[in-house]
Amino acid sequence: MFNNNSNNGNSNGNRGYNNNNRNNERSQGYNQNIEQQLASQEKKTAYRRTVDHGNNMGRWYINRSLGIDDQPIGKIRPESSYLIDLLPSPAYASNSVRENKNNMSIMDIQTKFVHLSSNKAKHSINTVKWTPEGRRLLVASHSGEFTVWNGMTFNFETIMQAHDSAILSLKYSHNDEWLLSGDQSGVIKYWQTNFNNVNIINGHSDGIRDIAFSPNDSKFLTCSDDSTMKIWNFNNGQEERSLVGHHWDVKSADWHPNLGLIVSGSKDNLIKLWDPRASSCVSTLHGFKHTITKTKFQPTGTKRLLASVSRDKSCRIFDLRTMKDILVIRDHETDLSCVEWHPVHPSMITTAAYDGSMNHYIMDSYISDNNIKNDSNNNSTSPIEASHKIPYAHEKAIHALEYHPLGHLLCSAGADRSARFWSRARPNDPMSFQDALYTNDKVGAWYYGVNNNINAVIEPSTASVNKDDPSSAQAINLPGLNNLPNGNESTTNGWGNIPGLRGH
């Protein structure tokens, strides 16, 4: 009996082993069939719009190695074949010839719309930041999400839930190793470069509008809608000082890149300069008649200028030596929302407004190299014309402007729930200024959207149809159904145009 049972067990085990082999053979055959079908399918080439700065950067390095960098840089001829002569932004900034700097208005302003990026679940975008190496763009939305886009091909890379409430501010440290974010509920978070969250601070009782690092990254500054600013120790996350002096929401703050000086702009229409060591206000700048929305120190050049914009439709440039405004720009039709200095050209700024417009200004013709006005007879409110205007850059208010670290790209984002990329236009490109961003003609307009697909933006037809008048129905054209009868055709001899009954 024992032997019989063992034989039965062996036979059952052999059957199970054979069944497993058959199943494995079937699955392998199935996988091979799928691979053959996929291999037999014709693969379509995917075209992707790319902004590649490697060519002109390499050409510039070759010129520098040959000693050509110190020679005058002429204007590019208005032909597409001369695109090879377009150099990177640092080339025009480093050239010592004064008249070449003025050529910047033609060769080095971000006027060409390149790409539109938006998430599937769309939310208003409050702030954006390029990663320190410039390869990616970090977008922070009202939903508390981080979205990362490729900085050259503009395709989607990743998304993560970073905060529980709307993210209002982002700031990278000067050593490029840390990222700070602040949200609507007053929470501050520390992030490593791989977006690993290592620390959380309950910093304010209201939304954190702006964050700035000290020059040595040992401290950072936050401003909030609770009308206060705070200086924090970065290493232990402890509050060191509280700067109290504004009587309303503090909308913007910045720490000078070299000096021990802090600037803040508030809803009380005042700009205040602070000593971070004494927690005291050293000066108050007047002149604005409405909320100050953004204040930024000059990051390059002499670093003696301060740019600020307000909801009174003006932008003011202050000289830190005299504590007075040396330029007042009133070129927008609506309130201004943000301002950004160019990272390479010290005299170039970009402003954005709540109506979605964006202007570029080059102040070389108004301010000389030593930041003293060229014409002392003109007052500071003399009219200044924009070097370039983009009247319909966004459909709604622009909340953020951010230049690429190399200066050849600009990203703008706002309440229309999209981030848009701008580059320098090609020489004599007829399509650079003929799209909907300049003409506002959105009927049949297109944008390069997510993954470089063309997203049609079609406005509803304004033609009215009278239901009581049958003849008005001929104005309605259904796609793919052209030249169909609409029921109003003439019926001569009682037959009309019925197929097969001609000549009656």
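Note that Cβ sites are derived from N, Cα and C of the backbone, with glycine treated the same way.
As the structure is a computational prediction, the values presented were derived from the model and not from experiment.
Swiss-Prot lists 1-22, 477-488 with the feature compositional bias 'Low complexity'. As annotated by Swiss-Prot, compositional bias 'Polar residues' applies to 463-475. Here Swiss-Prot flags 1-27, 463-504 as region 'Disordered'. Residues annotated as repeat 'WD 1' in Swiss-Prot: 120-159. Taken from Swiss-Prot, the feature repeat 'WD 2' covers 162-201. Here Swiss-Prot flags 203-242 as repeat 'WD 3'. Positions annotated as repeat 'WD 4' by Swiss-Prot: 245-284. Annotated repeat 'WD 5' per Swiss-Prot: 287-328, in sequence order. Annotation source Swiss-Prot lists repeat 'WD 6' at 331-373. Per Swiss-Prot, the feature repeat 'WD 7' maps to 393-432.
Model confidence over the repeat 'WD 1' (120-159) stands at 93, taken as the mean pLDDT rounded to a whole number. The stretch from 120-159, 162-201, 393-432 with the most CB pairs below 8 A to the repeat 'WD 6' (331-373) is 393-432. When DSSP labels each residue, the repeat 'WD 4' (245-284) comes out as 0 helix, 21 strand, 19 coil, counted as helix, strand and coil in that order.
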